[in-house]
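Everything on this sheet refers to the single structure shown next.
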């Protein structure tokens, strides 16, 4: 471990200035965007914030790229790495603004929960109050009701229980995300319920409380009618909030701006913000995790090929800008003619290196799992107290595969997604469930979806929704909106599913019959 720490420190100090300079340039280029005088763009931009408790700033060390030779890490036996944070003043201002917005979103969330809880108590206590107030205020003046009222009491009790369960299942769910605008149908239903209950209270106060109505059976039936109406409103809520969006009406093409990876999703009648929420939920499980190092490597090679073009004026200072421009164009054209050959050989060399290190990794892992099988056979002969648990077994065989795995992850630029602790946990999980070496390597040989990795390595936890239309409007054919995060964006193009005309063609069963006629005479 001393050798490992010394090498890590050396890598940090030797590449610190170069990496900080490159990262500062990238930050400045990323934050250059046309703005108006008031600092706002021409597009409508709102924010979709992930649940609190997740980091807002990802690790910027993933944006650096170092060239490693084949003999790297000869003395290391575990995965290590160095990283540093380099952010600009614009990043700090953006983070401060996001924190202020998150405080406002938390206040809005708790305010919404308070309003819903108050309205729910008002709805469920109103029928009970309608039934209990007359016996409390003028019991002696009420007419006896008898068995009819008792049956109505049981009906009200069960209907309120059904309404309580349905309300809990439909409205009281764990919030998945903070959306920028209110859900229109949900808000309309809450307003409708509030106006409905208030109108019942007004009628109850004028016609029953003021006149001290003596017909108690009519009062109970009035409470029953309120409960029935609330049940019908609940059915309306199910239709508007759940059933209306089930039938697919639109196809959404989602394209990631950095590498062009795309997916298609079918949705029903939804608002733009709810469609964006569905897209993000599917993004984390369908799209492979975003790896900025794969992009910075190609940019680094392109910049290296175009570097070194200088023009010197041997005749002294003059205004001959045309000659210099022609010289630059000619040199760039000659470099461009040979750049595709360089790119071809660089890619071929990279593929060769990846295949070689993948083969080494596969052999090392298979040997380690064979060693595990031997250990399991030996442990069956030991006493129960001396048996090694999966965690200890993983720690025992990990050093034999650590160097090969580290080199492969470095070559494929995946080292920042897999820590040593996560690899040990995955190895212990595979040992516990008797998985094969191929099952263990599947996570590292190919990039998986975002949900497969730790949350602090997602690089995308807070999103901004940019749309020309209001985000509360419904989806329409041809609408394009963008979901932006710190490092990349998702461009969503909405297309309406075409109307399909399906006709039926009748085929007569007799048309398939034929007659085979054989000649009685032969050629003999």
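Cβ atoms are placed via backbone N, Cα and C, with glycine included.
Automated prediction, rather than curation, is the source of TrEMBL annotations.
Among the features that TrEMBL reports, region 'Disordered' is placed at 1-85.
The compositional bias 'Low complexity' annotation in TrEMBL covers 1-15.
Taken from TrEMBL, the feature compositional bias 'Polar residues' applies to 73-85.
Annotation comment: TrEMBL describes 110-132 (among others) as transmembrane segment.
Remote same-chain residues near the transmembrane segment (152-171) are listed as 116, 120, 124, 127-128, 131, 217, 220-221, 223-224, 227-228, 230-231, 234, 237-238, 241-242 (criterion: CB distance under 8 Å, separation of at least six residues from the stretch ends). As annotated by TrEMBL, transmembrane segment applies to 152-171 (among others).
Here TrEMBL flags 183-204 (among others) as transmembrane segment. Long-range Cβ contacts of the transmembrane segment (183-204) within its own chain (Cβ-Cβ under 8 Å, at least 6 residues beyond either end) map to 115-116, 119, 122-123, 126, 130, 222, 226, 229-230, 233, 236-237, 240-241, 271, 274, 472.
The annotation transmembrane segment is assigned in TrEMBL to 219-241 (among others).
Tertiary neighbourhood of the transmembrane segment (219-241): same-chain residues 123, 126-127, 130-131, 134, 145, 149, 152-153, 155-156, 159-160, 162-163, 166-167, 170-171, 185-186, 189, 192-193, 196-197, 200, 204, 208, 213, selected by CB-CB distance under 8 Å and a gap of 6+ residues from either end.
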